[in-house]
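Taken verbatim from Swiss-Prot:
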type	residues	note
SIGNAL	1-21	signal peptide
DOMAIN	22-62	domain 'Chitin-binding type-1'
DISULFID	24-39	disulfide bond
DISULFID	33-45	disulfide bond
DISULFID	36-65	disulfide bond
DISULFID	38-52	disulfide bond
DISULFID	56-60	disulfide bond
DISULFID	102-165	disulfide bond
ACT_SITE	147	active site, proton donor
DISULFID	179-187	disulfide bond
DISULFID	286-318	disulfide bond
């Protein structure tokens with residue numbers, strides 16, 4: 001999460017809007033009503049048709065509540081990730097991504113998300129296990145939301161409604177070039193490989209193989225990751241799906257395909273969302289007790305799981321995990 005330096009600016013812009021009385025749904029950061037009450041289209045909890053009828057956001061029937069979570073809005077009727085996340089649900093999850101105060105306003109589109117996901121057919125496609133697929137979507141959007149967040153503790157609709165606010169590392173153009181000498185992935189003259197896109201792809205040794213995988217010259221034109229939304233999502237899905245030894249892929253962990261080795265177990269690395277955080281930024285965030293950045297990643301994950309109507313898995317943090325390779 002490299003965008004926090006701008007949080008004060010965003011907070012000031014919306015201070016007048018920070019007082020909200022709504023109780024649930026998109027108006028309350030994806031919150032779910034207590035006691036199985038319905039969440040109306042306007043963000044209020046109740047049990048009459050005004051709350052449970054047209055526009056109801058979650059727990060719209062007793063059956064939906066009985067499953068231990070909200071009833072997610074119906075999908076788009078498409079296939080793959082589109083069958084899990086409809087356009088309206090995407091807008092609810094990334095509620096403020098197109099806010100005028102966000103530098104990435106109107107960049108990250110639903111169509112680009114679906115198009116990029118379709119290029120990685122294994123994503124959210126665990127055969128016959130709908131809940132696992134939903135959790136993988138929640139985990140992907142949570143980790144990338146943390147990397148691009150514009151939220152703060154008292155932000156309108158809560159801190160976890162501000163994912164995808166940024167598309168470039170704050171100050172990246174004026175910073176270091178993130179180039180490590182490599183014969184395989186040589187840096188182009190005058191180019192910088194700072195964080196861009198949903199996963200904040202960094203360094204030439206990531207831009208090179210990501211570009212090779214998706215068919216784009218990202219070493220020669222790294223700015224594509226911040227100018228073409230589909231390419232931007234492509235790089236995030238590439239990172240998510242690709243193992244980089246000794247790390248497993250985020251996808252393998254999210255879908256239960258990763259079995260920790262004896263060394264992993266000795267390092268406290270056990271299956272769960274926390275290992276995904278370790279894969280992405282464990283060297284800075286994991287293994288030294290509680291960390292606000294890890295907690296932020298968990299907050300996004302819980303919100304998205306709630307919206308998708310699935311329970312959280314175990315081992316959400318990496319506070320006691322040693323980073324990979326340490």
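Cβ coordinates come from backbone N, Cα and C, glycine included.
Structural mapping of features recorded in Swiss-Prot.
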| residue | record | contacts (Cβ under 8 Å, 6+ apart) |
| --- | --- | --- |
| 38 | disulfide bond | 45, 46, 47, 51, 52, 56, 58, 59, 60 |
| 187 | disulfide bond | 177, 179, 181, 193, 204, 219 |
| 286 | disulfide bond | 274, 277, 278, 294, 318, 319, 321, 322, 323 |
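According to its DSSP assignment, residue 45 (disulfide bond) is in a strand. Taking 24, 39, 102, 165 as the disulfide-bonded residues under consideration, the smallest Cα distance to residue 147 (active site, proton donor) is found for 165. Cα of residue 165 (disulfide bond) to Cα of residue 39 (disulfide bond): a span of 26 Å. Reported as a whole number, the C-alpha separation between residue 24 (disulfide bond) and residue 102 (disulfide bond) equals 24 Å. Each of the disulfide-bonded residues 24, 45, 52, 56, 60 was assessed for Cβ neighbours inside 10 Å, and the highest tally belongs to 24. According to its DSSP assignment, residue 39 (disulfide bond) is in a strand. All chains included, 25 other C-beta atoms sit within 10 angstroms of the C-beta of residue 165 (disulfide bond). Here the disulfide-bonded residues are 39, 102, 179, 318, and the one whose Cβ sees the fewest other Cβ atoms within 10 Å is 179. Across the structure, residue 102 (disulfide bond) and residue 39 (disulfide bond) are spaced 28 Å apart at their Cα atoms. Residue environment of residue 147 (active site, proton donor) contains 25 other Cβ atoms, counted within 10 Å of its Cβ in all protein chains. Averaged over the domain 'Chitin-binding type-1' (22-62), the predicted model has a pLDDT of 71. When secondary structure is read from DSSP and collapsed to three states, residue 165 (disulfide bond) falls in the coil class.
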